[in-house]
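Undergrad: This is the structure I want to talk about, given as structure tokens.
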Amino acid sequence: MSFTPGKQSSSRASSGNRSGNGILKWADQSDQSRNVQTRGRRAQPKQTATSQQPSGGNVVPYYSWFSGITQFQKGKEFEFAEGQGVPIAPGVPATEAKGYWYRHNRRSFKTADGNQRQLLPRWYFYYLGTGPHAKDQYGTDIDGVFWVASNQADVNTPADILDRDPSSDEAIPTRFPPGTVLPQGYYIEGSGRSAPNSRSTSRASSRASSAGSRSRANSGNRTPTSGVTPDMADQIASLVLAKLGKDATKPQQVTKQTAKEIRQKILNKPRQKRSPNKQCTVQQCFGKRGPNQNFGGGEMLKLGTSDPQFPILAELAPTAGAFFFGSRLELAKVQNLSGNLDEPQKDVYELRYNGAIRFDSTLSGFETIMKVLNENLNAYQQQDGMMNMSPKPQRQRGQKNGQGENDNISVAAPKSRVQQNKSRELTAEDISLLKKMDEPYTEDTSEI
């Protein structure tokens with residue numbers, strides 16, 4: 001007598017639609033209206049349009065009785081301990097609990113940023129003697145197949161289990177006996193979260209409800225999910241990650257401490273590997289402008305490669321091959337001026353080069369390039385000329401325009417000649433007054 005998962009052994013599979021206890025229809029194994037041709041064991045697989053996987057991925061023409069287990073961490077092996085790994089199915093005795101997990105390589109899709117993302121594989125369980133490897137013996141070394149069986153099962157004979165017809169039988173949420181250790185980096189579809197290494201049956205079944213239902217696995221009726229695609233969760237996760245990645249590239253506020261760290265990091269690099277920016281200016285990286293370093297002026301000296309005009313100039317920069325093979329090179333030993341005298345001296349060499357970059361008016365952005373070059377070539381000469389010009393005479397505090405020549409005249413009128421701080425010769429009248437001040441004072445007693 002053949003057994004039907006999800007039903008008691010005394011009952012036979014019906015040809016009509018059903019919604020039994022603990023049964024859930026999954027979107028990756030949606031039912032299609034079709035005629036039932038056979039109900040016997042090892043029936044010919046029935047392919048449907050939903051079993052075809054576009055955009056890559058292998059075809060799964062067989063419908064598993066259970067929901068899949070999806071990988072969410074790369075590099076994790078799918079494996080169970082001996083005697084574990086067979087899902088619980090009402091109506092299936094322990095002697096028939098034997099089969100294999102089949103790896104389904106899913107398709108890739110385009111993310112929000114335009115890149116192709118390969119979905120991690122999903123594993124489905126098939127009873128021994130059914131599914132894509134129905135003719136293979138238990139334990140055969142097959143890539144993408146992991147064999148499992150209970151301790152009571154005889155793996156030398158196929159399981160007496162019917163194939164699932166999605167038009168009448170719905171997929172069962174995957175549950176395991178207590179003590180089953182799930183593979184690391186995998187989660188059970190429909191559980192709503194990644195599965196830890198050890199999970200009891202009650203906890204696994206409590207998270208096997210559909211997205212729109214709060215009922216538990218022991219409820220009488222469960223509403224089938226609808227409007228859900230098998231890879232919707234992965235697509236949503238990828239979109240969220242892409243969004244986070246985009247937001248993460250937004251410019252962050254740079255503090256004095258971080259600016260100092262960035263500057264020091266740039267200066268620790270060899271001179272020919274430095275890229276000046278806002279935190280480490282051109283002068284800090286390469287020194288002041290002069291005859292030997294004659295490019296840069298104005299904002300470009302402050303912003304360096306962060307200047308909006310710099311990218312168009314970078315198009316003119318030679319490649320490494322053009323630098324070495326298209327230039328005149330000369331190796332010269334120079335004096336080491338760095339380090340203390342008590343430190344061991346190092347031999348310092350300069351690879352001097354002389355070359356040219358040729359371009360014409362047909363170059364894209366030619367006018368802009370010429371404008372930027374004219375503004376920055378030998379710009380230090382104009383800056384030095386402006387600094388060497390005689391500064392405009394500044395008027396003193398409290399001095400009005402037009403009174404610059406009268407340096408000794410105060411704006412406010414002095415109260416006395418002493419405040420003017422000016423010297424002059426004594427007149428005869430002054431001498432007469434001084435003599436009278438020296439004479440003794442006598443009271444005038446004459447009558448008027």
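Positions of Cβ are set from backbone N, Cα and C atoms, glycine also.
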Undergrad: Swiss-Prot has Arg106, Arg164 down as binding RNA; which of Arg117, Arg122, Arg263 does it also list for that site?
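TA: Record source Swiss-Prot; matching candidate: Arg122.
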Undergrad: So of Ser167, Thr174, Thr427, which of the modified residues has the fewest other Cβ atoms within 10 Å around its own Cβ?
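TA: Relative to the other modified residues in Ser167, Thr174, Thr427, Thr427 has the fewest Cβ atoms within 10 Å.
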Undergrad: Between the Cα atoms of Arg106 (RNA binding site) and Thr174 (phosphothreonine), what distance do you get, rounded to the nearest Å?
TA: 19
Undergrad: Quick one: of the recorded positions Arg122, Arg164, Ser167, which has its CA closest to the CA of Thr427 (phosphothreonine)?
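TA: Given the candidates Arg122, Arg164, Ser167, the nearest one is Arg122.
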Undergrad: Within the domain 'CoV N CTD' (259-384), what mean pLDDT does the predicted structure show?
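TA: Mean per-residue confidence for the domain 'CoV N CTD' (259-384): 87 out of 100.
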Undergrad: List the Cα distance (Å, whole number) between Thr174 (phosphothreonine) and Arg122 (RNA binding site).
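TA: Cα-Cα, rounded: 13 Å.
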